Every structure is written in C-alpha cells, then in structure tokens.
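According to TrEMBL:
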type     : residues : note
TRANSMEM : 20-37    : transmembrane segment
TRANSMEM : 74-99    : transmembrane segment
TRANSMEM : 120-139  : transmembrane segment
TRANSMEM : 204-223  : transmembrane segment
TRANSMEM : 258-274  : transmembrane segment
TRANSMEM : 280-299  : transmembrane segment
TRANSMEM : 311-335  : transmembrane segment
TRANSMEM : 355-375  : transmembrane segment
TRANSMEM : 441-465  : transmembrane segment
Amino acid sequence: MAQPATKAKQKRKFALPNTFVLIFGFIVLAAILTYVLPAGSYQPDPNNPDLIDPNSFTFVESSPVSLMDFAGSIYGGLARASSTAFLILLAGGFVQVITDTGTFDAAIFAILRRSKGKELIAPVLFFILLFVLGALQVIDNEVVVFIPLVMMLCKRLKLDAICVLMLTLVANMAGFSPTPVGYWSVGIFQIIAGLPIFSGFTLRFVVCMLIGIVTLVFMVRYMRKIRRDPAASVTGILKEDVAIDGVPEEKEFTLRHGIILVGFLVPFGFYVWAVNAFDWGVAELSGILFLQAIFAGLISRMSPNEMAQSFTRGAEAVVIPTMMVGFASAISVVLAKGNIIHTIVYYLTKPLMGVHGTVSAVGMFIFNFFFNALAPASTSQGYVVMPIMAPMGDVLGLTRQTVCWAVQLGDGLSNIIIPTGGTTMACIAMSGVPYGKWVKFIIPLVGIWVLIGAASLVFAVLTGWA
C-alpha cells in the first residue's frame with residue numbers, strides 16, 4: 001500500500017529568467033504589437049536624409065508579421081547586426097591573444113611590488129590600472145579573476161571585503177560605463193545610430209575622468225576611515241588566517257611586457273584621431289586589434305599555433321554576447337516588418353513635444369538606467385532600445401550623439417548594483433559581501449554618478465553636442 005505523502009511539495013523559488021528568455025519575450029511582444037498598433041511612417045528630413053522629419057508622420061496600411069517572418073527574425077537580426085557581431089568575435093579573439101602574453105597580470109603585480117609598505121599607494125595604483133583597462137574595455141567579465149589577488153592585498157592592509165569590490169568591480173565599471181573609446185558600448189551604439197565610431201570623444205573623456213576621480217576619492221576616504229576605526233567597517237576587517245583560493249601566479253614585469261603594453265595603448269590613441277581625420281570605422285578598428293594581437297604575440301615569442309589557440313579561446317568566450325546581438329536585433333527586425341517603429345516613436349514623443357530637451361534626454365537616461373536590469377549586456381541593450389530612441393531623439397530635437405550618451409550612461413551606471421548582472425553578482429559572491437549590505441553602502445556613490453551623468457546630458461542638450 002502506498003504511503004501517504006508526509007511532506008508538502010516545496011514551492012519552486014522564483015528565478016530570474018535567462019537573458020535569452022527575456023529577449024525572446026520582447027520578440028514575441030514585438031510580433032503581437034504589429035497586430036495591435038497601427039502602422040505608421042515618418043519621412044526623411046529633406047536637409048539630412050539620415051534623420052527623420054518630426055512633422056511628417058502619417059499612418060499607413062497595417063502589415064502584421066507572419067509566422068515565418070517571426071521565426072526568421074533572429075537570422076534577420078544577426079544579418080542586420082553582422083558588422084557588430086563580427087567585431088565582437090574578432091575583438092574577443094584578438095584581445096585574448098594580448099591577455100595570454102601575461103602583460104596585464106604582470107603590470108598588476110609590478111604595481112603591488114613597487115608600492116609595498118606604502119600604505120594606500122598600492123590600492124590607488126591598482127584602482128587606476130583597472131579603471132584604465134575598464135575604459136579601454138579590455139576587462140569586463142574577466143574582473144572576477146582579480147578578486148583573490150585583491151583580497152590578499154586587502155588582508156595585508158587590514159581592509160575589508162567592501163574594499164575588494166571597490167578595487168575590482170567598481171574600479172572597472174567606473175571606466176567601462178562612461179568610456180569614450182569602448183567598442184562594446186559606445187562603439188556599438190554609434191554604429192546603430194549612424195554616427196562615426198568614437199565621435200564625441202571630449203565630453204565622454206571629461207565625464208569618464210570625473211567619475212573616476214570621484215570614485216577614487218570615495219574609496220580612499222572609506223579605506224582611511226576603517227584603518228583608523230576597524231569597527232566602522234561594513235563587513236568587518238579581513239582576517240589573516242582566512243584561506244584564499246584562486247590567487248594567480250606572480251609574474252615579473254619584463255621589458256617585453258612594457259613593449260606590448262605600449263603597443264596596445266598607442267594604437268588606440270591613433271585610432272581615435274583617425275576616426276575624424278580619415279573617417280575610420282569598424283573595419284579599421286578590427287584591423288588595429290588584429291595588428292595589436294600579432295605584435296603582442298611576436299614580442300612574447302608565441303608560436304603561430306599558440307596565437308591561434310588564444311584567438312579561438314577568446315572568440316569562444318564571446319559567442320553568447322554575439323548571439324545576444326542577433327536576438328536583440330530581431331526585435332527591431334519584427335517592428336520594422338510591421339512598420340510600427342515610427343508609430344511607437346510617435347506615441348512616445350507626443351506627450352514630450354512641449355517638454356524641454358534637457359528633460360527628455362535625462363528621461364531617456366533614467367529609463368535605460370532601470371531597463372538595464374532586464375538587458376544588462378551593452379550589446380543586447382543597444383539593439384533593443386537604440387532603434388527606437390534614435391528616431392525619438394530626431395523628433396524631440398536631440399542630437400543622435402546625445403541620445404547615444406543617454407543610452408550609454410543608463411546602460412553602464414547601474415551595473416554595480418543590478419541583481420541580474422552576472423559579473424556583478426559573481427564579484428559580490430566571491431568577495432563574501434551580502435548583497436543588501438553592498439547596495440546600502442554603494443548607493444550614495446551611484447547617486448553621485450547619476451547626478452554627473454544627468455548634468456552632462458543637460459550640457460549636451462544646451463550646447464547642441466554632436
């Protein structure tokens with residue numbers, strides 16, 4: 001005889017859906033909207049065919065997507081975003097070759113050795129290094145690798161786990177988010193908006209430096225506070241007897257590493273100049289990365305096979321972000337087939353027509369700040385929102401550079417607190433800081449970042465930044 005159940009079935013805990021599931025949900029929603037919203041269209045601006053005439057909207061015959069249109073939209077999305085997808089694959093592979101030379105690891109260990117016994121000099125130099133690597137978008141998810149090393153440093157300096165996160169996650173994102181030369185964010189957003197890649201450098205550079213300085217001051221003040229009074233630590237000072245797993249092997253910084261580092265940094269500066277001087281774009285950027293990788297491989301005496309293996313490993317690591325580009329771009333493919341992108345723009349901008357452009361720009365920023373929790377990857381978020389926000393900016397009288405900046409800031413500045421960010425949650429888990437304590441501690445800094453971002457957008461609108 002069967003025994004009666006003695007335990008009630010455990011309730012399944014709510015789990016945040018996979019990013020692909022979320023994006024697929026948006027594709028389904030887009031397809032449904034083609035049956036609900038009337039089709040409409042703006043005409044190109046007669047003075048600039050790349051923009052739309054804000055006074056030319058008309059409704060047209062409805063054209064809801066078919067089942068096959070819906071099913072083929074992901075392929076269509078990858079085809080539409082092919083230049084971005086190829087850039088991601090190539091960049092992932094080329095940067096991995098440079099990383100495998102050990103140059104970045106050796107530079108970090110050199111900083112730690114040279115600043116030994118000088119109290120907070122080592123954390124400051126380490127912060128600056130990860131900030132710069134973040135601004136160049138060389139390091140993003142890879143920042144988790146440095147958690148054990150930084151934890152060892154913080155133990156020696158009698159700091160806490162909060163400092164571990166400040167020196168890794170926050171230092172990296174302070175550079176990564178407002179970067180003027182990041183091909184994973186600003187580069188992709190500008191490609192979608194039809195702007196020269198890495199244009200608008202000066203304002204982005206100033207804001208990036210300002211956010212970096214403010215963040216560094218915030219971190220150093222906290223470090224000094226808990227060194228004076230350990231009881232002021234949010235999580236408690238790290239104990240010397242706590243074992244740390246995963247500390248990377250120490251490397252000596254050699255002349256070869258120095259040459260590779262110079263060969264990595266200088267071409268980026270040349271590329272930023274060449275964008276305006278020679279109208280360089282994505283093809284030239286991938287070429288620069290290719291030459292950097294070959295140069296680094298030759299200087300470090302890697303064999304052709306070793307370089308090829310590094311390249312394939314790096315490309316494999318970014319296959320998921322590449323596929324996300326196709327899925328996210330499929331949303332705009334469906335909306336375009338149904339002729340409702342301009343309809344959405346029309347209805348969204350209608351209540352904002354009498355509002356000052358500064359309010360509209362800051363509103364775009366705040367929307368993306370919260371939307372980032374649903375699509376935390378820059379590549380996917382760009383292809384979800386930019387096809388709608390770029391023409392919205394045209395209608396509202398905002399330059400596309402300003403719209404790109406609003407999306408970039410919204411995409412990046414919330415990354416250190418969103419619970420859907422894989423890298424963010426991995427860093428928090430590895431450092432041992434409870435999520436609630438982390439958010440409570442870091443919210444004031446995030447608030448300062450938001451104010452700086454909003455002020456820069458007001459400046460961009462008032463000056464007609466293009």
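Note that Cβ sites are derived from N, Cα and C of the backbone, with glycine treated the same way.
Locate each feature and note its surroundings.
Sequence-distant contacts of the transmembrane segment (74-99) (same chain, at least 6 residues past either end, Cβ-Cβ under 8 Å): 27, 138, 142, 183-184, 187-188, 191-192, 260, 264, 282, 285-286, 289-290, 292-293, 296-297, 302, 307, 310-315, 317-319, 321-323, 325-333, 379, 383.
Residues 120, 123-124, 127-128, 131, 135, 157, 159, 162-163, 166-167, 170-171, 174-175, 177-180, 186, 405, 444-445, 448-449, 452-453, 456 of the same chain sit 6 or more residues outside the transmembrane segment (204-223) yet have a Cβ under 8 Å from a Cβ within it.
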Near the transmembrane segment (20-37), which residues from the same chain, at least 6 beyond its ends, have a CB less than 8 A from one of its CBs?
62-65, 70, 73-74, 323-324, 327-328, 330-331, 334-335, 337-340, 343-344, 374-375, 380, 384
Relative to the transmembrane segment (441-465), which of 120-139, 258-274, 311-335, 355-375 accounts for the most Cβ pairs at distances under 8 Å?
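That would be 355-375.
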Do any residues, 6 or more residues outside the transmembrane segment (120-139), come within under 8 Å Cβ-to-Cβ of it, and if so which ones?
95, 98-99, 104, 107-108, 111-112, 114, 146, 150, 153-154, 157, 159, 163, 166-168, 171-176, 179-185, 208, 212, 215-216, 219-220, 223-224, 264-265, 268
